[in-house]
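Since the structure comes first, as structure tokens, the remarks are kept for the end.
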Amino acid sequence: MNYTTQMDAAKKGIITKEMQVVSEKEGINIETLMNLMAEGKIVIPANKNHKSISAEGVGQGLRTKINVNLGISKDCANIELELEKVKKAIDMNAESIMDLSNYGKTYDFRKRLVEVSTAMIGTVPMYDVVGFYDKELKDITVDEFFEVVEKHAKDGVDFVTIHAGLNRETIETFRRNKRLTNIVSRGGSLLFAWMELNNRENPFYEYFDRLLDICEKYDLTLSLGDACRPGSIADATDAVQIKELITLGELTKRAWERNVQVIIEGPGHMAMNEIEANVLLEKKLCHGAPFYVLGPIVTDIAPGYDHITSAIGGAMAASYGADFLCYVTPAEHLRLPNLEDVREGIVATKIAAHAADIAKGISGARDIDNKMSDARKRLDWDEMFSLAIDSEKAIRYRKESTPEHKDSCTMCGKMCSIRNMNKILEGKDINLLRED
């Protein structure tokens with residue numbers, strides 16, 4: 001193999017099998033794809049050791065992709081249940097799965113996930129450090145942080161979230177600028193705690209080249225995490241968030257010099273009127289690197305419905321240029337999601353991604369909508385169900401209420417506008433009061 005990473009191949013003009021797959025899936029010219037990858041504006045996360053992957057591209061001009069979070073925890077350590085969620089995510093065509101396991105047999109779960117997942121896989125190695133070494137956070141060494149990252153890379157994960165932008169300067173900015181909800185990133189808060197307890201610099205920032213060595217070796221895509229993402233709409237677009245983003249932009253250029261692919265992670269909680277500016281800032285400060293957003297969640301008052309608050313923000317963010325949406329489930333802020341929560345979160349996020357692709361003018365995005373509209377005009381219910389983003393729910397709702405006329409529904413019955421327009425345009429009479 002005459003290249004180290006997908007980005008290295010793109011710079012050298014080498015077409016990889018992963019590029020061919022993405023080119024065919026997206027309908028994008030392969031030369032255009034290669035050029036955008038060489039510039040860092042598109043990534044194809046594909047670890048050399050993830051043999052079951054069906055490669056996906058993330059970035060400029062491509063369909064908006066979605067990620068599903070899952071994984072075992074101390075309170076919910078059932079590996080088989082999490083694997084059911086994996087199957088659900090793959091069956092529903094989620095392009096990415098993040099294993100956020102933080103307790104118990106994390107290696108066993110990760111190994112099985114890599115074996116079965118055709119979706120790209122991400123992890124947050126920081127979550128795994130304490131359990132892996134069975135040591136208190138304060139006692140973890142710099143070498144141990146990097147050993148866990150390499151362990152995840154060797155196991156075959158395609159991208160890792162690393163909060164390398166949380167350096168001492170960012171922390172000083174945090175201290176000078178009071179926040180309502182402080183640091184809400186789990187990995188970011190753990191790293192902050194380690195830095196404070198040991199009076200040390202962030203090891204992933206201080207020894208960033210060591211991190212790049214691992215990424216280059218395994219073609220591991222680096223998802224630069226936003227430790228200081230806003231955890232409330234009150235904290236959005238504040239000094240510490242922007243300070244960290246500037247640092248991530250600087251680290252992005254260093255990664256690209258080593259041909260390491262980069263994704264930038266983003267907010268978080270944010271009012272709707274700030275979303276466009278945040279996408280613009282990321283694209284400017286991080287040089288066009290793909291933007292991966294958690295939501296954004298546009299209001300803080302809807303626990304139990306945060307799949308809706310995040311779908312609103314995600315649709316807006318992606319329409320303005322964000323490339324990758326992390327799903328949020330109805331269980332967000334409340335508990336670990338169950339299988340039904342996962343399904344609802346995927347559906348909501350897929351709707352947001354698709355709506356954004358229409359707005360962005362992604363080639364072919366409107367085709368399925370036009371097919372659905374044509375099926376509605378013809379009152380072809382079977383075709384409507386086959387095109388629906390959640391066919392199972394559509395069929396169930398239809399069966400729960402039987403109309404008088406099978407071609408209409410119980411909302412309008414004989415007053416169905418489509419049914420009556422079809423009849424009138426065909427030169428037929430309509431009977432609203434009489435039997436047909």
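Think of each number as a place in line: the chain as shown, counted from 1.
Backbone N, Cα and C define each Cβ position, glycine as well.
Substrate binds Asn69, Met98, His163, Ser185, Arg186, Gly187, Asp226, Ala227, Cys228, Arg229, Glu265, Tyr292 as Swiss-Prot records it, and from the list Tyr127, Tyr207, Tyr305, Tyr320 the residue named for this site is Tyr127. Between the candidate binding-site residues, Ala227, Cys412, Cys416, the densest Cβ environment within 10 Å is the one around Ala227. For Tyr292 (substrate binding site), the nearest neighbour among the binding-site residues His269, His333, Cys409, Cys416, judged by Cα separation, is His269.
Sorted by the number of other CB atoms within 10 A, the binding-site residues Asn69, His269 start with Asn69, the lowest. It is 37 Å from the Cα atom of Asn69 (substrate binding site) to that of Cys409 ([4Fe-4S] cluster binding site). Cβ contacts within 10 Å of Tyr292 (substrate binding site), excluding its own Cβ and spanning all protein chains shown: 26. Least crowded of the binding-site residues (Arg229, His333), judged by neighbouring Cβ atoms within 10 Å of its own Cβ: His333.
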